[in-house]
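Taken from TrEMBL, the feature Mg(2+) binding site covers A:ASP45, A:ASP111. Taken from TrEMBL, the feature site 'Interaction with target DNA' applies to A:TYR81.
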Amino acid sequence: MRVREVHGFDLAPAEARRLQEELAGRVEEGPPLEVGRVRHVAGADVSTQDGVAYATVAVLDFPGLSVVEVRGFEAPLRFPYIPGLLAFREVPAVIGALRAVETPVDALICDAQGRAHPRRMGLACHVGLFVDVPTVGCAKSRLVGGFREPGEERGSVSDLVHGGEVVGRVVRTRRRVSPVFVSVGNRIDLDSAVELVLACCSRYRLPEPTRQAHNAANRLRREGQMGLL
DNA sequence: GCGACAG
DNA sequence: ATCTTGTCGC
């Protein structure tokens with residue numbers, strides 16, 4: 001996959017925040033994604049240990065959701081975990097894994113927030129500025145925003161509001177399980193993002209692309225390799 | 001000043 | 001995210 005070199009990552013926290021404010025203006029909300037024409041969906045995730053980031057990208061066919069490619073990349077962690085600045089810690093590794101992907105991908109789901117971020121620049125937005133693929137943020141917990149608990153049925157949703165605007169949606173992907181937080185990464189609209197995430201959740205709470213990437217990242221970290229493919 | 005806080 | 005055993009449930 002083609003990856004653009006938007007900027008370097010050798011920055012201090014204060015500089016990182018200023019850069020986010022600038023980059024947020026380059027993020028595109030929309031156009032709608034024609035989920036019916038999606039052939040491949042990818043998921044990205046990162047596992048860490050002892051100062052090393054193990055990033056992986058899993059590519060699945062759609063709507064079948066079987067894994068067709070898995071790539072991994074290791075990189076030293078040069079930035080601490082600071083709420084709101086996760087991208088500066090993990091994106092360098094994610095970019096490495098994305099460069100190795102050969103299958104044409106129609107959408108990428110990241111295990112983090114997109115626009116549901118204090119400066120509207122979550123990791124999914126950040127990754128989205130480096131690639132020519134629509135990106136979606138699907139986090140397991142909230143970073144910012146208020147919301148009403150969605151209904152207990154699969155498919156129930158509620159708006160995630162921050163600073164007076166709808167920055168994402170709280171989505172119940174399975175009956176009675178805690179909801180996930182979906183938001184726009186780049187080049188896709190919120191409704192399409194939610195539709196895609198739901199279409200990727202069959203038997204588990206998290207979308208298959210992200211779930212597969214997560215498993216692969218842990219295998220890469222623990223066993224030094226990812227297995228299949 | 002006091003909490004909250006993606007992974 | 002990672003550190004960690006067993007346990008309850010489908």
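A Cβ is built for glycine as well, from the same backbone N, Cα and C atoms used for every other residue.
Counting in whole angstrom, A:TYR81 (site 'Interaction with target DNA') lies 15 from A:ASP111 (Mg(2+) binding site) by their C-alpha atoms. Note: A:ASP45 (Mg(2+) binding site) has non-local neighbours A:ALA55, A:THR56, A:CYS110, A:ASP111, A:THR210, A:ALA213, A:HIS214, A:ALA216, A:ALA217, i.e. same-chain residues 6+ apart with C-beta under 8 A of its own C-beta.
A simple Cβ count within 10 Å picks out one of the recorded positions A:TYR81, A:ASP111 as the most packed, and that one is A:ASP111.
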